[in-house]
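Peer 1: The feature region 'Disordered' is assigned by TrEMBL to 1-31, 479-500. The compositional bias 'Basic and acidic residues' annotation in TrEMBL covers 22-31. Among the features that TrEMBL reports, transmembrane segment is placed at 109-130, 142-166, 282-302, 314-332, 344-361, 409-431, 451-474. Sequence annotations record features per position, and here TrEMBL assigns compositional bias 'Low complexity' to 482-494.
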Amino acid sequence: MASSPGAPRALAVQAPPPPEARTSERGSDSRAGHLSFCTKVCYGIGGIPNQVASSATAFYLQLFLLDVAQIPAAQVSLVLFGGKVSGAAADPVAGFFINRSRRTGSGRLMPWVLGCTPFITTAYFLLWFLPPFTSLRGLWYTTFYSLFQALATFFQVPYAALTMLLTPCPKERDSATAYRMTMEMAGTLMGAAVHGLIVSGAHGPHRCEDAVLPGPVAVSPDATRLYSIASAVVAVTYPVCSSLLCLGVKERPGSSLPASGPGPSFLAGLVLTVRHPPYLKLVISFLFISAAIQVEQSYLVLFCTHASRLHDHVQGVVLTILVSAVLSTPLWEWVLQRFGKKTSAFGICVMVPFAILLAAVPTAPVAYVVAFVSGMSISVSLLLPWSMLPDVVDDFQLQHQHGPGLETIFYSSYVFFSKLSGAGALGISTLSLEFAGYEAGACKQAEQVVVTLKVLIGAVPTCMILTGLCILMVSPTPKVPSQNSSRRLSLQRRTSYTLA
């Protein structure tokens, strides 16, 4: 799945008034800050497009580049690496520019969402388009995947920050966030389901029935048409959902000056955060874990297509993973509260023996069991870091009580490093297919390629998950702040921080 959509971003947001002021004006403010059901639904709908597109690219882009676009695996490696790095670099850049944007008639954040919409719609559609030339296809897809990732970040950052400008009432903001998370989960399921159902006919065994000679099979016009239809269906969600967001949500005016004054620059704050041992160990551990999850997601479809006879089960396996991840989220939230966060981390390694089992026994029943268990592990791997980061931030602030507030830098730098780790993992692993002799578009791959795919869905995620868990287990537990400290830190979190 896509990385976590609820992560705070590097963006200055107006601090709400102190508790005393809110108490004195509770009667009038509670009514003025109430959000209607329609507003909450429209706000949640705004988060659907990025999740639909991210889910589709996570599971199917690599298969499309190798078997439909038929570009070499080495170039696919560059496409994936370049796109992920572009998305990572866009995070601090988006915060930098959006912080300095002026308020317009439609607000300060909404114009960024609406302005990105036509460009990201075009970039996504062209990402799945098969150009008539063959020699520069690698450059074509690198360009549009990088554009898509960067524009998706510029779309998501203001959309996520819009929560703070919907209403001054914290309870209503929490309710709007719940609507948003629900819609984004639905979008994740929709992306894999709709895209997968449309393109399922492009990768069936029938495409090789007429192949007489070994080697690449000519690209079927039907395959090109199916991927174009799927990309158009997904791309159209951007203008539709953005329009509903604009029509149903009104951005409240905010102060142009932050309550606590300007904070540190991104680089200066980054230096302070990475020097904090609990944060550094947390980031390193989840860099391994998140990279393992991304590798497992990216190569599962390729494994089912080329290393096993599971062509007809690809869609079912993908949906099983996503449904399992969504349904198990409440269970893992309860486990976190009941048994603690480090204990819950062992839920991530549940998928390890099953992934190895799938590589050894690639049958349909085993694939569905592995998909269900993998979905549960993916759920806790996405939930856990966002649950542990606040503890690390509290620990940092208790040790630097008179220092600058760096919450947004903690979160945005975590997102930045996570995207970089995914870029490196996917780039290097795809390059391994090139060394194994992967032949783009071929109906039957060499035995070395089959072995490599088994290693990529079994041994590689296993080693990375176990390494990340070992680092997490040996890291010190952050200090739990006292009640008075918690109140003070809660007030500090309501302050904005500018990233220069």
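Note: Cβ is positioned from N, Cα and C throughout, glycine not excepted.
Just so you know, TrEMBL annotations are computer predictions that nobody has curated.
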Peer 1: Using a cut-off of under 8 Å between C-beta atoms, tell me which stretch among 109-130, 142-166, 282-302, 451-474 contacts the transmembrane segment (409-431) the most.
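Peer 2: Against the transmembrane segment (409-431), the leading stretch is 282-302.
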Peer 1: Restricting to CB pairs under 8 Å, which listed stretch, 142-166, 282-302, 314-332, 344-361, is in contact most with the transmembrane segment (109-130)?
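Peer 2: Most contacts with the transmembrane segment (109-130): 142-166.
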Peer 1: With CB pairs under 8 Å as the measure, which of the listed stretches 142-166, 314-332, 344-361, 451-474 comes out on top against the transmembrane segment (282-302)?
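Peer 2: Maximum Cβ contact count belongs to 451-474.
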Peer 1: If we skip the immediate neighbours and take only residues 6+ beyond the ends of the transmembrane segment (344-361), which ones have a Cβ under 8 Å from one of its Cβ atoms?
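Peer 2: Sequence-remote neighbours of the transmembrane segment (344-361) are 289, 296, 303, 332, 335-336, 367, 369-370, 373-374, 376-378, 380-381, 384, 454-455, 457-459, 461-462, 465-466, 468-469, 472-473.
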